[in-house]
Each structure stands twice: as C-alpha cells, then as structure tokens.
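Engineer: Okay, handing you the structure first.
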Amino acid sequence: MRAPLWLRDLAGAWIFYSVLPAWPGLKPRFERIARFAPWIGLVLGGLQSFLWLVLIRADWPTSAVALLVIGLGAWLSGGLHLDGLMDTADGLAAGRERCLQAMDDSCVGASGVQALLVVVLLQIAALLRLGSLAPLALLIAAFWGRCAPLWAMARFFYLREGQAGSASFHRRYRQGWQEALPAFLVLLLALTVVPLLMIVGWPSQMVLMAGIGVGVLPAFLVPELLGRRLGGHSGDSYGASVVLVETITLLLLAVLLTAG
C-alpha cells in the first residue's frame, strides 16, 4: 500500500529539519516539508523539555541544565537554523549590495559570531528566569519559531531562485493557505485543551494560554522585517527567523509569566 503524500512529506520534514533517524519503510518526499516544520519543532522542543526535567530531577544546577538544553536543541536541528542566523547577520552587516555575497561566504564574520553569542545568552537568561515553567516554554518557542518561515515563504520572493542547493523549492511547491494547516491544527488543539485544563486546575494552564498568543506577533514581525531589509528571503533568513522568534518568544514568556 502506497503511503499518502502528506505522510511522505512529514517523513521528509523529519530528516530535513533534524538529525533524528529516518522512518523505516517510508520513502520521504521533500517538496512540501515546510508545512510540517512546526510539528518537528514540537518534537525537538519536547526532547529539550524532557532533558530539562530529567536533569532537574537529578539535582543538576539550573544554569548547567539551561546550557545543556540549548546545546541539545542546536544538535537536534543539525545547526541548520543557527548557521542561517550567523549568515544572515553577516549579510545584514555587509549592506544590501554585498548582502548575498556575504551570506554565501563560508567564513563566519564578526557579526555572525556576535549574533550567535547574543542569542545563546538571551535564551539562557530566559530559561533561568522561567525556572519550572521552562519545559512548556521550550515547546511553545520551538513551535512558533518554525511557524515564522511559513509567513516568509508566503510573503516574499526567494533571493536565490534557481541556485543549486537552495531552499527555493519551499516556495515553488507551496499551495497557499494549506501550508499553514498543520500549524493551525496544533493551535486548535491547544485552544480545545485550555478550557479542560482550567476545569481540572492544571497549574501550568496560564503558560499554555500565554504561549498561544505570545508567539504570534514575533512569528509574523521577524520574517516581515527581515524580508523588507533583505529585499526577500533565502534559506539562511528562514533559519534566522526560526532562531530569533524562538528567542523572543522565550523572553516574552519569561517577562509575562514571572512578572510581579
């Protein structure tokens, strides 16, 4: 029996966006994998959350746990998005005329290193502030981070159209609003679960409620601002959008949920 195309796309997203082993017996397809990136984000965020809970239960210091969790996230994604962040930072620093040339350069510039350092420090600070709320916040941030490129793909031209090895296939095969359907299903499930959690008095219900709304604005604004600045998007800026939205979402959750 032939597997449905959506399942093959999901299998393709699984191995494209992570270093997790491929699914046995299922031939992956890559044309429309971007729509499933938010689902992969939930898986990776879930693994980070699991590591956090295990190490905290083992009485590891929170600062060490935060570092290891961030390191795990970088490894699970194969450094794909962090590489895009550094290349995009170098491109922005080079100016519009030399932007793509700087982003294509295999050498990392000072701006790329600074961007990576700042992002990691901000994520550590947010996780330390969140404390016991960090596991759920990691899930929320990973989801919204992977939603950001969907807006970039829908809204902006691809800067390296036709270039070998580019991520232009994301735009080439996208089918309008259907690309956002998997992400909408997650949000619908969350909106359905929240009232049930309120009934049973689950202590982290406020985190979930805040997370549904907190990530929306950065998931649209970050790719929008990057696209306007760069004159379009590329695979690098897709990755940068993921990392920046993750970081901003963690910070917003840290501020909102620990205020007072």
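Backbone N, Cα and C atoms are what each Cβ position is placed from, and that goes for glycine too.
Sequence annotations record features per position, and here Swiss-Prot assigns transmembrane segment to 3-23, 36-56, 60-80, 108-128, 133-153, 180-200, 206-226, 239-259 based on sequence analysis.
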Engineer: So which of 3-23, 133-153, 239-259 is most in touch with the transmembrane segment (36-56), counting Cβ pairs under 8 Å?
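Structural biologist: The stretch I would name here is 133-153.
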Engineer: Do any residues of this chain, six or more beyond the ends of the transmembrane segment (206-226), have a C-beta under 8 angstroms from a C-beta of it, and if so which?
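Structural biologist: Distant Cβ neighbours of the transmembrane segment (206-226) are 88, 133, 136-137, 139-141, 143-145, 147-149, 151-152, 155-156, 187, 190-191, 193-194, 197, 233, 237-238, 240-241, 244-245, 248-249, 252-253, 256-257.
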